[in-house]
């Protein structure tokens, strides 16, 4: 964060090309090297010209077309988030004392509140799927646990409006869940979808925690790229990246080598609470709106992996905001993005300037 013993705020999702240490081949195609070994660690790329940038964490390339941001927008405009959210609503299933869909009544909680998801995507006792001898029709067991965690009893609050002790309580609850579920499951995904634009149907401040019996695709990908980087360069990828890269797309990571959320010290948790608050306040102030985003934590796998060497992992949190140029214009990941590769209309340098 942004303190001496704490964590760093970095934005590496659309990483700037560096002249060394990065593969030049994408799947089935080659990209030219941007510069020579004599260049500075970060290359100066024209803000107005389209180009592709390598993302080492995902081992893929992003098309950057900064000139497109000037085009007139005649597409869909999103409604701003409601400003009249009641502090307490007996019909809101996340409020203290409210009745949920399964008939259970929430306690009158005053801090964080964790409960099993009433409509879980993963269940611990799911039957195994039918086996297939054909390689194109494979299936495998998928078991797990899904939980919901309310950040605060008030529905009209969001994380940037909460106090530092309240945010610290959220971080402590995250770490406790990661430890508890990580004892049995190899992957514990903590994530928050904020705002209707990101698919959140309830304005009450909350997140979800899904623990799975398998490593999801993103976890497998980051495990491979970080393991390969440590093997080739002798240093965890994201620690090296934090030293090389100025702020781009938002990524939070500890300044020291930390593999998992539950490994943070008390001072680092305090530092994390502070930088989360400042980051999310800046998001809200950008377009003067309660800023939507999806965020989540990535750390070393757990369960059986607790006994394995996971030094290649570095704890980090991703933030993915959908807004592009105003509070009502979002970036749609469709068409070219779904069929070819990710594309963005801003260089990483422009929003961080």
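Backbone N, Cα and C atoms are what each Cβ position is placed from, and that goes for glycine too.
Note: TrEMBL annotation is automatic and uncurated.
Not measured: the values here are computed from a predicted model.
Of all Cβ atoms in the shown protein chains, 20 besides its own fall within 10 Å of the Cβ of residue 206 (active site, tele-UMP-histidine intermediate). As annotated by TrEMBL, active site, tele-UMP-histidine intermediate applies to 206.
In this structure, residue 337 (UDP-alpha-D-glucose binding site) is part of a helix by DSSP. Residue 337 (UDP-alpha-D-glucose binding site) is surrounded by 15 other CB atoms, counting those within 10 A of its CB over all protein chains shown. The feature UDP-alpha-D-glucose binding site is assigned by TrEMBL to 68-71, 101, 117-118, 193, 199-201, 208, 331-332, 336-337, 343.
Secondary structure from DSSP puts residue 222 (Fe cation binding site) in a helix. Per TrEMBL, the feature Fe cation binding site maps to 222, 298, 316, 318.
Taken from TrEMBL, the feature domain 'Galactose-1-phosphate uridyl transferase N-terminal' applies to 48-216.
Taken from TrEMBL, the feature domain 'Galactose-1-phosphate uridyl transferase C-terminal' covers 249-350.
The secondary structure of residue 331 (UDP-alpha-D-glucose binding site), as reduced to three states from DSSP, is coil rather than helix or strand.
Other residues of the chain with a Cβ within 8 Å of the Cβ centroid of 222, 298, 316, 318, the Fe cation site, are 57, 218, 251, 296, 297, 299, 317. The two recorded residues, residue 331 (UDP-alpha-D-glucose binding site) and residue 222 (Fe cation binding site), have Cα atoms 24 Å apart. The Cβ of 68 has fewer other Cβ atoms within 10 Å than any other of the binding-site residues 68, 298, 316. Secondary structure from DSSP puts residue 298 (Fe cation binding site) in a beta strand.
Rounded to the nearest whole angstrom, the C-alpha distance between residue 68 (UDP-alpha-D-glucose binding site) and residue 316 (Fe cation binding site) is 31.
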